[in-house]
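Engineer: The GTP binding site annotation in Swiss-Prot covers 17-23, 45-47, ARG310, 336-338, 418-420. The IMP binding site feature in Swiss-Prot is assigned to ASP18, GLU19, GLY20, LYS21, ASN43, ALA44, GLY45, HIS46, THR139, ARG153, ASN229, THR244, ARG308; the stated evidence is sequence analysis. According to Swiss-Prot, the feature Mg(2+) binding site maps to ASP18, GLY45. Annotation source Swiss-Prot lists active site, proton acceptor at ASP18. Annotated active site, proton donor per Swiss-Prot: HIS46, in sequence order. The substrate binding site annotation in Swiss-Prot covers THR304, VAL305, THR306, GLY307, ARG308, ARG309, ARG310.
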Amino acid sequence: MAPSPEGVTVVLGAQWGDEGKGKLVDILAAEADICARCAGGNNAGHTIVVRNDKGEKTSYAFNLLPSGLINPECTAFIGSGVVVHVPSLFNELDTLERKGLKVAGRLFVSDRAHLVMGFHQIVDGLKEVELGGSSIGTTRKGIGPAYSSKASRSGLRVHHLFDPTFPAKFRKLVEGRFKRYGHFEFDTEGEIEMYLAFAERLRPFIVDGPTFMHNAVNSGKRVLVEGANALMLDLDYGTYPFVTSSSTSIGGVVSGLGISPFAIKRVVGVIKAYTTRVGGGPFPTEDLATVGETLQEVGAEYGTVTGRRRRCGWLDLVVMKYSTMINGYTSLNLTKLDVLDGFDEIKVATGYKIDGVEVEGFPADLDRLAKVEVQYATLPGWKTDISNCKTYQEFPENAKAYIKFIEDYLGVKVQYVGVGPGRDQNVIIF
């Protein structure tokens, strides 16, 4: 199903990330005029495999650039809420073009987007070392420190690259980090020279971000927004402090792109059929025994950006209800349902209790969250390979029952079901 003829369609991660948003974005982007990123940086990551007329496969890796670029008729936009590491942007751009994907004239970057500098990446690593056993588990791409500079009103934005005062502002920013972390090895003047050289190459891509989006929406363009990370990593609503540094909720779409909330017509929540998480932080349904190991192996649960093993466990509908409440999903994309094919029984978390008392909502206090006793419902498995299913009617009855259980609990319909990694392994229910 294509994005709305007019207005904005948003695809958001509903758990802790790695739900498979890129695959749905790839499908929806085929009918989109504009595909936009609203938050995060090159800490997001997914790979799209495209088969040509001869059956030959080409893999395209996306980290910072919107994956809607796969559609040659789609324009990509990096919004004001994104933090941009310019060398990585051009490295990704050049890699895509070497593989035959023509991007020229189809990519635009908001002049208000903040810049990620080399020293941000160094500081990211220093902070992780400083935290030691309490490490959050960042990708060390400099995303957090860049957002920190932004929040402290000392950051540099894309438009600053063309300001004669850029070198002085850059030196001042580096000196501030030296005072905080000591004098780490960093070539300040070399970085300035590199960025000034990149500035001229970047110039044709730069637009007034809010005006660009306003004109797109008002002219009836079909806009697809590719959310980064997921709700449970949101700075305000995630398991703080084990979160990312940006707003990954529906609110981040509005602020990150500079659009009216009334422009948004569809919000698709992407939910994995079980739960995974990378890095530290609470994970109530995590399974450290056979179930977790099976999900990790069968689901090939390794981080796209870092290669780290993802922690695995049963689907947590308490998390999903909280996520649905905040983001207001109009439909769901249930991914990797095929990973559950081999289980005799499948558990689903339906509630939390602390000292025998049912918990309402999702606890903000991590000490309190650590005490929850997860309440599970047990559903029968289907023990059938569903990877070749093309329609909902082809699913085993127990797989249909699993989908319905999720829908009934959340009050939201499942629109798409992923049954394998391929682009064509996606069942559209309505």
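Positions of Cβ are set from backbone N, Cα and C atoms, glycine also.
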Engineer: Compared by Cα position, which of the recorded positions ASP18, GLY45, HIS46, ASN229, ARG309 is the closest one to LEU337 (GTP binding site)?
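Structural biologist: Result for LEU337 (GTP binding site): the nearest of the recorded positions is ASP18.
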Engineer: What does DSSP say about LYS23 (GTP binding site): helix, strand or coil?
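Structural biologist: The three-state answer is helix.
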Engineer: Using other CB atoms within 10 angstroms as the count, which residue among the binding-site residues GLY17, GLY20, GLY45, GLY307 scores least?
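Structural biologist: Least crowded of the binding-site residues GLY17, GLY20, GLY45, GLY307, by Cβ count within 10 Å, is GLY307.
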Engineer: Other than its own, how many Cβ atoms are within 10 Å of the Cβ belonging to ARG309 (substrate binding site)?
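Structural biologist: Step by step: centre on the Cβ of ARG309 (substrate binding site), count other Cβ atoms within 10 Å, giving 12.
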Engineer: Rounded to a whole angstrom, what is the C-alpha distance between ASP18 (IMP binding site) and the residue listed as 'active site, proton donor'?
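Structural biologist: Answer for this pair: 8 Å between alpha carbons.
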Engineer: Check the recorded positions LYS23, HIS46, ARG308 for other C-beta atoms within 10 angstroms of each C-beta and report the one with the most.
Structural biologist: LYS23
Engineer: So which recorded positions out of ASN43, GLY45, HIS46, ARG309 end up within 10 angstroms of LYS23 (GTP binding site), measuring C-alpha to C-alpha?
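Structural biologist: Of everything listed, what lies within 10 Å of LYS23 (GTP binding site) (Cα to Cα) is HIS46.
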Engineer: Spatially, which candidate from the binding-site residues GLY17, GLY20, ARG310 is nearest to ASN43 (IMP binding site), comparing Cα atoms?
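Structural biologist: The answer is GLY17.
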Engineer: Per DSSP, ARG310 (substrate binding site) is which: helix, strand or coil?
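Structural biologist: Going by the DSSP assignment, ARG310 (substrate binding site) belongs to neither helix nor strand, so it counts as coil.
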